[in-house]
Amino acid sequence: MSIKSDRWIKRMAEQHAMIEPFEPGQVKHDAAGQRIVSFGTSSYGYDVRCSREFKVFTNINSTIVDPKHFDPGSFVDIESDVCIIPPNSFALARTVEYFRIPRDTLVVCLGKSTYARCGIIVNVTPLEPEWEGHVTLEFSNTTPLPARIYANEGVAQMLFFQSDEVCETSYKDRGGKYQGQTGVTLPRT
């Protein structure tokens, strides 16, 4: 497996709609000229943005967190340009970008250093071959203070690894439970 360059990412996005919407360069300023957390194509990856759709975890129901029987009432839905995550808590969001992963490619997501250096960790499982959808992002606030996430700015970097052999069974072939997801998607079993 080898990591793919900006040239490959641009070609796959433009010719095969791998990423929509797609930004071929790095965007570092908003329309008013103010600095933002960058997004778009980098040398060996693609920096994604989160949408304005957030689900912030709350313990108001004092329930046990169980991935097999997750209570959707454990979240407060927020639509905003900014999301405040309570101390030692987490929020879910989704990417602005919709992904269509090629059959010979695996995508690994890493958090951006701007957030990591503030104690905000982004977690996403790998995007498997032939998976498609909006990526659900999990932000953990590891600090004892509230933390801010900005919508429509960079939050994580996707790294694309192309195998030297096409997989026998893709995510699509298996009928993966998160195939084609749109919006913030809660745990499924």
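Keep in mind that glycine also has a Cβ here, set from the backbone N, Cα and C atoms.
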* Asked: According to Swiss-Prot, LYS112, SER113, THR114, TYR115, ALA116, ARG117, THR136, LEU137, GLU138, TYR171, GLN181 bind dCTP; which one of GLN34, GLN157 is listed for that same site?
  -> GLN157
* To do: Rounded to the nearest Å, what's the C-alpha distance separating TYR171 (dCTP binding site) and GLU138 (active site, proton donor/acceptor)? Just drop the number here, would you?
  => 21
* Asked: Do any residues at least six apart in sequence from LYS112 (dCTP binding site), in the same chain, have a Cβ closer than 8 Å to its Cβ, and if so which, in order?
  -> VAL37, ASP47, VAL122, GLY154, VAL155, ALA156, GLN157
* **Per DSSP, three-state class assigned to LYS112 (dCTP binding site)** => coil
